[in-house]
Amino acid sequence: MDNHEEKRQRRVRYNGTHPKVFKEKYKELQPDKYADAVAKVIQKGSTPAGMHRSICVNEILEFLKITPGQTGLDATLGYGGHTLEMLKRLNSKGHLYAIDVDSIELPRTQERLEGLGYGSEILTIKQMNFSNIDQIALESGPLNFVLADLGVSSMQIDNPERGFSFKSEGPLDLRLNPNRGISAAARLKTISQDELQGMLLENADEPNSAAISRAIISEIKKGIDISTTTQLQQIIKDALKFIPQNTRKDEIKKSCQRCFQALRIDVNDEFEMLYEFLEKLPATLAEGGRVAILSFHSGEDRLVKKSFQRFFREGVYREIAPNFIRPSTEECNTNGRARSAKLRWAIKA
């Protein structure tokens, strides 16, 4: 053996499934380095950590019928997946406005899209809530197409520092814009048991709302500061010990998901913002303008459905979706987060 032979470089050691630093936990957070790992996650029907896979892309584009020269709005920029596909359809002619309330993810998405060659001549990005769609219309003029994807992005869910998931330790925040409003932890300190129970019922249809709200308020009255996601998860878990052992694990998981959803909707005023958006929407559309809305919650879908139906009866919309559209079976099999999606559309008279 040649003693002068260069020593073989060992690969960088992966820190395991439970590292001290969250960023080292998932190989998917480094897609360029671990492309095979990302591919395996997608193949299993999951979304890689820190990434977002846009839903119903083909169905949305088929309906919006975007052509070069048009002006449109992506009312929920997020990761920019839908945005990118709409920009491709415009083919450097026309203009796309894209807005999002998230002050953390927006600049990252903007940088990514600019890196792909989509500058201010074709794309205008603003940090704002879609309830202010009328302000966009003042600048853009009548819109030929509008898309709103009401789902929380995977980047938000997978980042424990945002506090959107009970699966990881993190601050109990849940705000889409961390610079505005109060966190979920602060909200719990101001709410009564009756209010909390009503919130869990209205925002998430939680069947165990009475037991869970009673347990949460009991802890707060003891002077316990519920400031982390795992604290809240444990309280919910303890409150549901009465559930039979054979179904308890699944029921606790579902209740945790619903409770976090209910709190997120509350601290971000999501239903109120959606209602305001839907009310202002028709006035921003050009004649024949098309709008597609993707929802993931029965309460959101009801608001969209009722708004579309009312404006259709009043002659504001000339046509609306007769029923919601579900993602294809193939998409649901390859992206589990698509399973609860519902797509509705309307066309301005």
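Cβ from N, Cα, C; glycine included.
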Pick the one from Phe63, Phe130, Phe242 that Swiss-Prot also lists for the S-adenosyl-L-methionine site with Gly80, Gly81, His82, Asp100, Asp149, Gln156.
-> Phe130
Same chain, |i - j| six or more, Cβ under 8 Å of Asp100 (S-adenosyl-L-methionine binding site); the result in sequence order is Thr76, Leu77, Gly78, Leu106, Thr109, Ile125, Gln127, Met128
Which listed residue (Gly80, Gly81) has most other Cβ within 10 Å, given these are binding-site residues | Gly80
Can you check what DSSP calls Gln156 (S-adenosyl-L-methionine binding site), collapsed to helix, strand or coil?
-> helix
Asp149 (S-adenosyl-L-methionine binding site), DSSP three-state class -> strand
